[in-house]
């Protein structure tokens, strides 16, 4: 429940976190408990590319060339969707990712709060590199949570497991460094504006109650009896 004196106006929020930080899990819990719409720029992009929209076709040309999608394309894509959500509180996920995107967003909407998930890179690296797959069946193993009975071997066929390129330590480190370089100016920008709320930890289940308690002061809950547990 919103405390007395807290604003009941629509919330404009952003969630940030490196790949593997638990951002997807936290976002889905937020939308389950609170009255706001979750907008993932990655999902939007995939949807537009699938439907062959003008923005989707444009974005695909950059992806096919191995290039980053320009800020103006991502901004157009997101703003097009936000126009349909003027009556709702919303949570942006994956946008803004660069300083020009953050400035463009601020030019159109007032960003009220930025939830930043700060998980040590070492922990994320461990999480992401623990995944191995059996290529023929698509069976996925996790060395920490769901290990194969014999190291590097599929339980059912006895065939070797492989690690996807995306899950290899060197690739994970590269992705995390790229994220840090790209988003550091964005976090600084929001810190200076006084809207950045950073939640640090190594486990999503331990970070979540703090995010939950913070958002209770900002936006109505869907179910007042909703539990703080996942």
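Note that Cβ sites are derived from N, Cα and C of the backbone, with glycine treated the same way.
Listed ranges 92-129, 130-167; the one TrEMBL annotates as region 'LID' is 130-167. Same-chain residues lying 6 or more positions outside the region 'NMPbind' (40-69) and placing a CB less than 8 Å from one of its CB atoms are 27, 76-78, 80-81, 92-95, 97. Under 8 Å, Cβ to Cβ, and six or more positions away along its own chain, residue 41 (AMP binding site) finds 74, 77, 78, 92, 93, 94, 95, 97. For the region 'LID' (130-167), the number of residues in each DSSP class (helix H, G, I; strand E, B; coil) is 3 helix, 13 strand, 22 coil. Across the annotated binding residues for AMP (41, 46, 67, 68, 69, 94, 95, 96, 97, 101, 164, 175), the two most widely spaced Cα atoms sit 31 Å apart. Confidence over the region 'NMPbind' (40-69), given as mean pLDDT on the 0 to 100 scale, stands at 92. Cβ packing within 10 Å was compared across the binding-site residues 20, 22, 24, and the lowest neighbour count falls to 24.
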